[in-house]
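K.L.:
Just passing along the structure, written as structure tokens.
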Amino acid sequence: MDGKNEEDKTLKIAKRILVILLAAVLLFAAACSVQPQTENSAAPSASAEGSAQAGAEESAPGAAWTNSDISGSVTADTKTDPKDDFNAAVNQEWMAGTELGTQMQASTFTERSNEVMAQVMALITDESQTSHEAQLVREFYNDYVDMESRNALGMEPVLPLLGEIEAIETLDDLTAYLADWGNLAGAPVKADIAADWKDSTKNTVYIGPSGFALSDADEYKSITDVGQRTKDAEEVMLKKLLARAGYSEEEAAGLWEAFFALETEIAQASIGNAEGASADIRDKAYNPKSAAELAEMSPDFPLMEILKPYTEGGIDRFILTEPEWLAKMNGLYTEENLEAFKAWLIYQTLTGVAGMLDQECLDIMTEYSGARMGSTQIELPVEQLAYQACSTTFDMAIGKLYAENYVTEETKQDVTELVNDAVAVFRQRLEENEWLGDETKAKALEKLDTLKVRVAYPDDWSLYDYSDYALPEDGGIIDDMLAVREKSMSEKVDKAKAEIDKDLWMTSPQEVNAFYQPTDNSINIPAGILGGDFYDPDGTVEQQMGSLGIVIGHEITHGFDSNMGSLYDKDGNLSNWWTDEDRAAFKERTDKVGAYYASIEVLPGKYIDGDYTIGETVADLGGMSCMLELAKGMDGFDYQTFFESWAKVWKLQESEETAEYMLQTDTHAPGYLRANVNVQQFQEFYDAFGVEEGDGMYLAPEERLSVW
């Protein structure tokens, strides 16, 4: 997960909520992307085949391991041995007793997320909570779950919005519509407010593509199995929604074809997610432009009309992330393509509100979510969707309630102490590093010494003010969303001009996640992750270090990973602080990590893209190295418990279709590999479990991986 940038949180919230619920695997830290990663950003994708050869021999890495993430692959009768397949052995009982039912995934993350959701929903519905924030969130939640009113209205709330689009007859009409920040569909351009990559004290406006139905521009150039499944699901969903809105079958087919053809054209000039995760993408995407320069580059596409509130507000500097995309938009903005742009707007409007309409629309969106993942059995209760909508729309209002009711100061202090211990050990390892030169090492130590640490919840709640937020009286959930959207849009220009307040949290306390934020050089450990198998305040030191401790070390390591953290300096600015020799030595080590992962066949004929996942795989190794270094100073340390705690963090059950989806879209390795590959790199594991040559977990010392 990346730091959250300011943008329109309500533009496509209903569809986004459904998509969020598709992916229960927690994304530690940020996946690199061309646009500053935001909660609206689609998950990056990568080639499932990677760089390995299909038909791996039995001696290939991981050949002895079951992909135990696949539901049903490990049963109570499966013979397991921690010396052969550590993850399967540690998590066998849980796997054998876990049925997916209507879930897409079951995991440590879903268990903890469900626990936090229950806690938050108890607060939301508790009428004894009488603060303005509590009443605001409760009103929003009640409107969302009011299916009686939603069913009575049916499609009525969206029909006037569609009527506005259908009334567009000329390019001038279209331009006026796109320039209106009040329209729900938005525009085919994303204007994200985020820290300037090269001056992190200031916000700036990043200009680029608005995103794609298939999540990745590369899917429109060479579609994968996952992409085809997504395309089919999108087509079925849109046609069903159009039918509900009164369109004929022929009209619906034409709108889908026009919409998809336009997206395909735009995608040809857009950067795909694989390139978007590369180490050099930020330099390619950092193209500062004045308003006059953008106007010159965009004589036909009405970019400057869309950006007018910014320019009228005195903003004259933007970052254009994809110049070729803008050139393509200019070529496409013609009378000939008017109906295609209208189809695009209709798609955005319908998918943006469908999850907030009646039960039939909600069923269509639920079916869509399952179809993307190859599942026909999922259920998305409206209460769960309402919770996600509340937590997205009023994140810090809920965060304050959650922190006040479910998080102790003692927990915050204990975890902060663990973070400080991890930082101290990481510093020691940097000082003793033998492959870094003195110049780079000094800069690395300086960066570590200025690392910001955020644990559990903010110390200053005055920075998160909802006092002037209000919902319309007697309105429904769509009215609520529009009101919140209007409030958010009214603040965008001021936020774009404001300097960065680096005391502001970029995530809410209830979020079950942890991440490193490069633009302020911080690690963030929200209260949401401080429970379940991640953290037990009464657990042993080995349990705490083997779970949350490694997570903390993982996030620290992200400050020095190859495709994100190492590209930023101590102040959070994009800056090369490495010597060429040290960067080459670093690459040699990370290339070995990537090649090892890429050689593992995860599904038949499907391999990890070792380059694409390199930031996360290196961070996992760094986190475990950090905690094992800390353990060296502890008498009687129970290494078995330590390693078992790590494996429990990555317990996971999912369908093969979901596994394929995650393999292509997730920058992390599958759960069973995060458990197995990492432990097999350390001699302490071999000593603790008696692993020897010939065992499935054995890896020769000269082949073991080490970076930090």
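The backbone N, Cα and C atoms fix where each Cβ goes, and this holds for glycine too.
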K.L.:
Among 41-85, 536-580, indicate the range for which TrEMBL gives the feature region 'Disordered'.
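P.N.:
In TrEMBL, the region 'Disordered' feature sits at 41-85.
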K.L.:
Determine which residues of the chain contact the compositional bias 'Polar residues' (65-77) at the Cβ level, with the cut-off under 8 Å and only residues 6 or more beyond its ends counted.
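P.N.:
Apart from its flanks, the compositional bias 'Polar residues' (65-77) reaches 84-85, 87-88, 91-93, 95-100, 106, 602-603, 652-656, 659, 670-672, 676, 696.
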K.L.:
With DSSP as the reference, give the number of residues of the compositional bias 'Polar residues' (65-77) in helix, strand and coil.
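P.N.:
DSSP classes over the compositional bias 'Polar residues' (65-77) add up to 0 helix, 1 strand, 12 coil.
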K.L.:
Across the whole of the domain 'Peptidase M13 C-terminal' (513-704), what does the mean pLDDT come to? Round it, please.
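P.N.:
Taking every residue of the domain 'Peptidase M13 C-terminal' (513-704) together, the mean pLDDT is 96.
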